[in-house]
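J.: The structure that follows is given in the form of C-alpha cells.
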Amino acid sequence: MALSRSAKTIGRGAAAVAAVVSLTVTGVGWTMVRSLESSIAEDSSLSFHGDGEDGAVDILLVGSDTRTDAQGNPLSEEDLQLLRTGDEATDNTDTILLVRIPNDGSSATVLSIPRDTYINNPDLGPTKINGVYGQSKNQVLVDGGIGDDPEEMTVNDAGEEIIDDSKADDDLRREAISAGRQTLVDSVQDLTGVQVDHYAEIGLLGFVLLTDAVGGVEVCLNEPVDEPLSGANFPAGPQTISGSDALSFVRQRHDLPAGDLDRIVRQQVYMSQLASRILSTGTLTDPGKLQALNSAVSRSLVIDQNWDVIDFAVQLQNISGDDVSFETIPVTAIDATGAYGESVVTVDKNEVHRFVAGFGGVDAAAAASEEAKAAGLDVDPGQVTVDVVNATWMDGLADDVQQALTGGGYVPGELLSEPESATTSQVFAASATSDEAEQVSEALGGLPIQSDFSLPPGAVRVVIAEDYTGPRASMGAEGEQAGAEGEAPEGENPDWVQASGSELPPEIAERPKFDATQNVPCVN
C-alpha cells in the first residue's frame, strides 16, 4: 500500500508528535491512515480549553501501571506474560511527563516528574505524586459503595490498598478513573505552575507494542545489569531492546546509583530513541510498521476529548529530532522521609515553577507591552527596569517579588539583600510622580512612592519590608501562597516532611541532557 504525499506530510507531523509525546508516540500514527477503523480512546470527562493561552501547549503524558487496555478491559494471560508483571493490581502513575510546545511548534521539551515527588494535596494530604490518581479513584469507588467489603479490597506487594473496581458498574468505574486523572492533572498544574492543555495516558502494554512496532530501540548502558525485581538483565554497551525487555529497561529503579532519577534518564533515552525510529524514513514509508503502530495505540492510549490530534500533527510537521529535548524538574533530595516514614523525593516548588517557565511560552515583556498598549496605559512595562531590595531576613523574597513583576513584563534589574534597612515597603524613582513609579506601585498593591534623584529615567527601585503583603511569583491568582495548606516558604522544609535528606552530589544533581536524534548516550 503506497502512501499519498498528503498522508506522508501528515505522517511526518504525526511522527513529530510521536517524538514529542513519545510514549503516546504513534497516537498520531492513527492520523497517517484515516481510513483505519480503530481510533484512540477518549475520556469525555476531561475537557481542557486552554490550547496554549500562556504561549505554549502543555501536554500531560502519563504512563500507568494498569493491567487493562485503553477500553478498560483486563489484559489477557498472553499479554500479562508478555509484560512479565503478573496480574497484581496497581493504580500508580509511575511515569509522569509534562510536554511543553511553544505555540509556533518550533520545538518541544519533555519534562520528567519523579514518581516519588512529595506534594501536599488539599484533599489527600502529604503524598507521593504517583499515588494521587489511585487514591482519588478509590475515594469515588468507596463513596459509590464499592470497597466496604473486605473481598473488594486487596493490598499489593508494595503495601498499597487497591479496590477491585470490577464490582462497580460502568458509570461508577468511569467516574472513578476520571476523578483520578483530574486529581493528577490538578497536582501537576500546582507543582509546575502551568495550565495543562491536553492529557494522554498509556498502559504498560503500550511500551511493549510500540517498541516492537518499530523493530526495537537502541540503548547503551555504562555497566551490565541483572536486577530480578524488574527483570532487567542487560550487558554493558550499546544494544537493541524490544518486547518485554524494553519494559524492564524503563521500569528498573533498584540497584541504580540515583534510584528513580536514573530510571527517569532511562525512560528519556527510550523515548528519544523511539521517537528517532518513528521519525526515520524506514518507519514513515513502511505500511506494516505504521499499521503496527496504529494497532498499539488503539489498544493502549487514552486522550482527552478535545484534542484534535490531526490538526496538532499538522502544526508540528516540520519538527525534527534535534528540536525535541528531555529534562527533569529540579529536586532538593532523593532520600528524604515523608510524614509516614516513607522514602520520598523533595522539591522546591518555587524553583520548579521558574524551571518549567523557562521552556516555551510567550515573551512576558512583549506580551505585557501589547497588553499595556491595548489597555491605554501610559507606560510600557518592557521599558521599565526594576531593582528589588529585600529588607527582611526572609531568603528569596526579593527574587519572588521580582519574578512577579517580570511576569507582568517588567525588566528585571538588581536583586539586593539589606536586612532591617527599612520598616516600610516603598517604591523609589527619580520622580515620585512618574508614571513608571505609579504603575509599579499599583502592580505591587499600592506601595507608597518616594523620590530618589540618583535613579535614571525608566528605572524603579522597590524595597520590600516586613509589612509587604503584595504579589509574589509563588502566590496564586487569589493572592494566596501557592501550594496546599502546610506548604513551607522557599528554602524551608515543610513540617509534613520528617527528614529533608542529604544534599545531592554533583553526579546526581547534573542529569544527562540529550535530544531525539540517533546519538545514543550511555546511561546507568
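Using N, Cα and C of the backbone, Cβ positions are placed for all residues, glycine too.
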J.: In TrEMBL, which of 101-153, 472-524 is tagged region 'Disordered'?
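T.: That would be 472-524, per the region 'Disordered' entry in TrEMBL.
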J.: Going by DSSP assignments with H, G and I as helix and E and B as strand, what are the residue counts for the domain 'LytR/CpsA/Psr regulator C-terminal' (383-468)?
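T.: Split by secondary structure, the domain 'LytR/CpsA/Psr regulator C-terminal' (383-468) comes out as 21 helix, 26 strand, 39 coil.
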J.: On the 0 to 100 scale, where does the mean pLDDT of the domain 'Cell envelope-related transcriptional attenuator' (92-278) fall?
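T.: It averages 86.
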